[in-house]
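Supplied in structure tokens, the structure appears directly below.
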Amino acid sequence: MTSNCRRPEHTAPPDLFYNEVEARKYSQNSRMIEIQTQMSERAVELLNLPEGQPCFLLDVGCGSGLSGDFLSEEGHYWVGVDISTAMLDVALDREVEGDLLVGDMGHGMPFRPGTFDGCISISALQWLCNADKRSHSPPKRLYTFFSTLYSSLSRGSRAIFQLYPENSEQLELITTQAMRAGFGGGMVVDYPNSSKAKKFFLCLFAGVTGSLPKGLGTETSDRAVSNQVQYSGQRCRFKGMKGKSAKKGRDWILEKKERRRRQGREVRADTKYTARQRKPNF
């Protein structure tokens, strides 16, 4: 995991940390530009978009538009969302081709259902795990973001997040809220044995769960460290239900009722009789 020292999200809220001075680095620092471009290229590769077909993509935490530049080079159309007006001003000065929107990820994505063919995000998601105000609840803000993002994506599309997790608990928090919102998928780790080249990509599937892509550097890590963390290939809590159908068990029924409550439907309260097997009538 990433070291705790000098983490930007521990320094200040993102709209304050990414001020004019910090934003200028993303248009002047060649090393920073190179790294951002490489991670954007990898994220688009993990999106697994149709070849030769322009797509409409969302760039969350687009910053100065470096990721968007790569999307434009690949022939795609895109919309960028960022909380920092200083970073967006740099993007405007650079005359990026995508549309730009000021917005807080934790407030949700304000787009119509099925708008985008995919989503990428570079080095932004971990900011939602930090509470900058008393009213901020990281789990709630993550769920709000993921649930609205899920709605804005077309079914069968993917969302790829490159992130710098602080620890395993933070990864668990992020993936739990993503799965609650309806996503499938898991974590792809590139070069897991390298302290410098190691990169985490959260690969989420909207509607249709596919096979999780392999991380780079697998030839050196197959016997040492797994480079994939699968979060939704199967519902492990049903493994111990001998002789019972998963769709008739108590866990499945409770989950279904909770899902309908989140959709605003009227659902009966849970009791000790919920999912209880009734005796057959003679």
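Even glycines carry a Cβ here, placed using N, Cα and C.
According to TrEMBL, the protein has these features:
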COMPBIAS  248-257  compositional bias 'Basic and acidic residues'
COMPBIAS  264-273  compositional bias 'Basic and acidic residues'
DOMAIN    58-131  domain 'Methyltransferase type 11'
DOMAIN    204-280  domain '18S rRNA (guanine(1575)-N(7))-methyltransferase Bud23 C-terminal'
REGION    240-282  region 'Disordered'
Considering every residue in the domain 'Methyltransferase type 11' (58-131), what is the mean pLDDT value?
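Mean model confidence (pLDDT) across the domain 'Methyltransferase type 11' (58-131) is 93.
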Just give the helix, strand and coil counts over the compositional bias 'Basic and acidic residues' (264-273), going by DSSP.
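Going by DSSP assignments, the compositional bias 'Basic and acidic residues' (264-273) contains 0 helix, 0 strand, 10 coil.
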